[in-house]
Amino acid sequence: MLRTMLTAKIHRATVTQADLHYVGSVTIDADLLEAADLLPGEQVTIVDINNGARLETYAIAGPAGSGVIGINGAAARLVQPGDLVIIIAYGMMDDAEARRHVPRVLFVDAENRIIGRGHDPAEALPDDPSSLRGDLAVPGNPVTAAARRGTPTHQAPVALPASRTVVAPR
């Protein structure tokens, strides 16, 4: 059996351009592609944080160091310049590889410069007390309640019930 696993995530990138008349794809700064281990032509999912749109396309390399995140073709009707997006890539692997696999997670600033690197897909934004770990966002969790009240959430993880145990990659 093959499993589809997260291989890379560029978190909260800012869309710098959208061109309806360009032939498909998403243009991504070549430095970001390399740091995320994405190849030109690789399938990616784009999730627009501003409006909830979700689409699939393929990556093409933009000029290195430019910070470009360009939405091209029909997707430009769904995602606009200035929108925050998450760019996600998945890969298929057998069970043994999937259990060992560690994804690449990049955090970028408003100019799409890398401000953090990691391997934990649930990790909160670095130095952002308003962001919440994805695995702690469960009903009844005091950290979730604190986040909704605007209280800083970067604190020791709350013990999860056995049914919610998270196992770190080896």
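Cβ atoms are placed via backbone N, Cα and C, with glycine included.
Model, not experiment: these values are computed from the prediction.
Annotated features in Swiss-Prot:
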- SER25: active site, schiff-base intermediate with substrate (ACT_SITE)
- SER25: pyruvic acid (Ser) (MOD_RES)
- THR57, GLY73, ALA74, ALA75: substrate binding site (BINDING)
- TYR58: active site, proton donor (ACT_SITE)
- 118-170: region 'Disordered' (REGION)
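Features per Swiss-Prot, on structure.
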residue: SER25; record: active site, schiff-base intermediate with substrate; contacts (Cβ under 8 Å, 6+ apart): THR57, TYR58, ALA59, ILE60, ASN72, GLY73
residue: ALA74; record: substrate binding site; contacts (Cβ under 8 Å, 6+ apart): LEU20, GLY24
residue: ALA75; record: substrate binding site; contacts (Cβ under 8 Å, 6+ apart): ALA18, GLY24, VAL26, ILE46, LEU55, THR57
Review point. How far apart, in Å, are the two Cα atoms that lie farthest from each other among THR57, GLY73, ALA74, ALA75, the residues recorded as binding substrate?
Key: 10
Study note, to complete from the structure: Simplified to three states, DSSP reports THR57 (substrate binding site) as strand
Review point. For SER25 (active site, schiff-base intermediate with substrate), what is the secondary structure by DSSP, using just helix, strand and coil?
Key: coil
Exercise for review: Based on DSSP, name the secondary structure state of ALA75 (substrate binding site): helix, strand or coil.
Suggested key: helix
Check your understanding: Taking the Cβ of THR57 (substrate binding site) as centre, how many other Cβ atoms lie within 10 Å?
Key -> 18
